[in-house]
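Trainee: Take this structure, written in structure tokens, and hold onto it; I'll ask about it next.
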Amino acid sequence: MTEKSLFVPVQKSRINANVLKIIAVLAMFIDHASHLVTDFGTPERWVAHLVGRLAAPVIFFLVAEGHHYTSDKKKYIFRLFLFAVLSHVPYNLYFGFSVFRGTSVIWTLMLGVIALSVITSEKTSAIIKLVVLGATLLMSMPANWHYIGVLWIIIFGLYRENVKLKVFMFVLIGLVFYILPGIQDIGMYSTYRLGVFLTIPFFTLYNRKPGLRNPFTKWVFYWFYPLHLILLFGIRVLMNR
């Protein structure tokens, strides 16, 4: 297999956007459900977290793809804002945070799309781009995946046509801002974070096709996030009775 074949979209691949969404949803559910049935620090939780690391990079990748294909970026951003609001309370309820302490990854998705829209705009000056980049990175701090997610969305969109560079930047950002700080903070247990790099084959095999398109496939993945958190929170309440 040549180097070129490793870094170009595989048109015959069956890995379309819907397949990636299903992978992200399953990985996320396994990760989040593990908080109910495993204890922190156990091998079972480590494995669940490793699998769960597939979710976020795939979602950031798909959001950058959505930014490329959408015909109305303002509606796209508003839709993400709406689900960020809808997901805020379920996220904090399930993970036991104060509603003023943090918010979900959907907020990060919205800010990433805003940053990508401005940075890729030919009509926007370099100064404005830097200001918006700084503002979105700062505003992402309370959210899950915060500035890491914003940066990944930007590089996924900015280097969309250069898969080799896109993967390199993805790995670099992941190592500097996620893997190494994790080892410093919680030691070798944090090696489950290396699971983010298991997504690289999916990025290189993605065929740039949306898959089946209808109202259900359009909205189900938006609604999954807040609803699965509400479901898991309800299960926790029943388990604690």
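Using N, Cα and C of the backbone, Cβ positions are placed for all residues, glycine too.
Note that the structure is a prediction, hence the values are computed from the model and not measured.
As annotated by TrEMBL, transmembrane segment applies to 15-34, 46-64, 76-93, 99-119, 131-159, 165-183, 190-207, 219-239.
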Trainee: What same-chain residues lie close to the transmembrane segment (219-239): Cβ under 8 Å, and 6 or more beyond its ends?
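Mentor: Same-chain contacts beyond the ends: 21, 25, 28-29, 32-33, 35-36, 79, 83, 86-87, 90-91, 93-94, 104-106.
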Trainee: Under an 8 Å Cβ to Cβ limit, what residues of the same chain, 6 or more beyond the ends of the transmembrane segment (15-34), are close to it?
Mentor: 44-45, 48-49, 51-56, 58-59, 61-62, 65, 94, 202, 205-212, 217, 221, 224-225, 228-229, 232
Trainee: I need to check the long-range neighbours of the transmembrane segment (99-119): which residues 6 or more away from its ends have a CB within less than 8 Å of a CB in the stretch?
Mentor: 56, 59-60, 63-64, 66-67, 73, 76-77, 80-81, 83-84, 87-92, 128-129, 132-133, 136-137, 139-140, 142-146, 149-150, 152-154, 157-158, 225
Trainee: Counting only residues 6 or more past its boundaries, what in the same chain has a CB within less than 8 Å of a CB in the transmembrane segment (131-159)?
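Mentor: Answer is 56-57, 60-61, 63-65, 67-68, 91, 101-105, 107-109, 111-116, 118-120, 124, 165-166, 169-170, 173-174, 177-178.
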